[in-house]
Amino acid sequence: MLHPAIESAYRVLATGEPLTHGEALQLANLSGSDLLDLASLAHKVQLRYAGGVESFHACSIMNAKSGVCGENCRFCAQSKHNNAAIEVYDLVSDDSVLIEARQAVANGVSHFGIVTSGYGYQRITPEFERLLGMIDRLHSELPSLNVCASFGVLGEEPVAALAAHGIAHYNINLQVEPNRYNDLIATTHSAEERIATIHRLRQHNIAVCCGGIIGVGESVEERIGLLIALQALDLAVIPLNVLVPIAGTPLEKSEPLSAAEVLKTFAICRLLHPRTIIKFAAGRETMMKDFQGLLMLAGVNGFLTGGYLTTRGRDVADDQRFAAQLASFA
């Protein structure tokens, strides 16, 4: 017998209309075997409104500039305010990016993201000009590849330039419920600066990839608050990360979320965003371990493959086989 909150949530499957905030909070209190019923509903909603296996979204990223970031994000190994042991380097060469992008194409990945550490760019600097050149070269030499970017907070001029250079998606995460950003993530910039960047991107018709990170000390209600806040941003992709505690950061001793809590979060995200690509990013392999397959049957229709900015991921070939096996559940 279905839990009444899940039974009520089946209207999302029938109508395609998302949960209300109150309904999402009710589902957030579920536990035990009810979570499998919730996952089943989320999977059905994903298949009906966000496409089947053929629309599964896999992407790879490259850390093109690493470390020495002046922002004090509490979870991040690249912040100079933290003491994580990572490789530090300035912006890499165009050739280095091209090699990584070619490998992504060879692996059958359709989207490739260039990522840089740092606050962002309020104007077009010489470094930003180099990034634009990288984008142009990838378009020229790998025309089948969707080139994406994540360069931090952007002003009007850099956003307009990215639009002119044909960027496919721009990633900038909200991370947590906006009114908790300075408490849980960073004090050197605000959630409002990120939201302003998203609005600029959408004004220039750039598709936005924006999600967050769970397990950083937020309450269950605040976790739902993040998912609700994302509804107002007109997003193409929602990547959700599960905190991977990194030594040398303020969150290194954080208690990891249970697989059940992660499952519940992703399933509720699908019911709040029936038509959006929902991507499992960091934490899929390291935090979910044996349960990551279950997550992919709980409304998720995309993942990051081949590794993250400062942590390793699973082999792309293994992920391709994994994605193909999901077709059995469509």
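Don't overthink the numbers, they just go from 1 along the chain as shown.
Just so it is clear, glycine is given a Cβ too, placed from its N, Cα and C backbone atoms.
The annotation [4Fe-4S] cluster binding site is assigned in Swiss-Prot to C69, C73, C76 on the grounds of sequence analysis. Under the DSSP three-state reduction, C73 ([4Fe-4S] cluster binding site) is assigned to coil, being neither helix nor strand. Taking the Cβ of C73 ([4Fe-4S] cluster binding site) as reference, residues of its chain lying under 8 Å away and at least six apart in sequence are, in sequence order, S79, I185, A186.
Taken from Swiss-Prot, the feature [2Fe-2S] cluster binding site applies to C148, C209, K279, supported by sequence analysis. Reduced to three states, the DSSP call for C148 ([2Fe-2S] cluster binding site) is strand.
Positions annotated as domain 'Radical SAM core' by Swiss-Prot, on the basis of sequence analysis: 51-284.
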Nonlocal neighbours by CB distance (under 8 Å) for K279 ([2Fe-2S] cluster binding site), same chain, sequence gap 6 or more:
H57, C59, C209, G211, V237, I238, P239, L240, V300, N301, G302, F303, L304
In whole Å, how far is C76 ([4Fe-4S] cluster binding site) from C148 ([2Fe-2S] cluster binding site) when you measure between their Cα atoms?
21
Using the centroid of the Cβ atoms of C148, C209, K279 as reference, list every other same-chain residue with Cβ within 8 Å of it (recorded [2Fe-2S] cluster site), in sequence order.
H57, C59, H111, G113, H169, N171, A236, V237, P239, I277, G302
PLDDT averaged over every residue in the domain 'Radical SAM core' (51-284):
94
According to DSSP, collapsed to three classes, what secondary structure does C209 ([2Fe-2S] cluster binding site) have?
strand
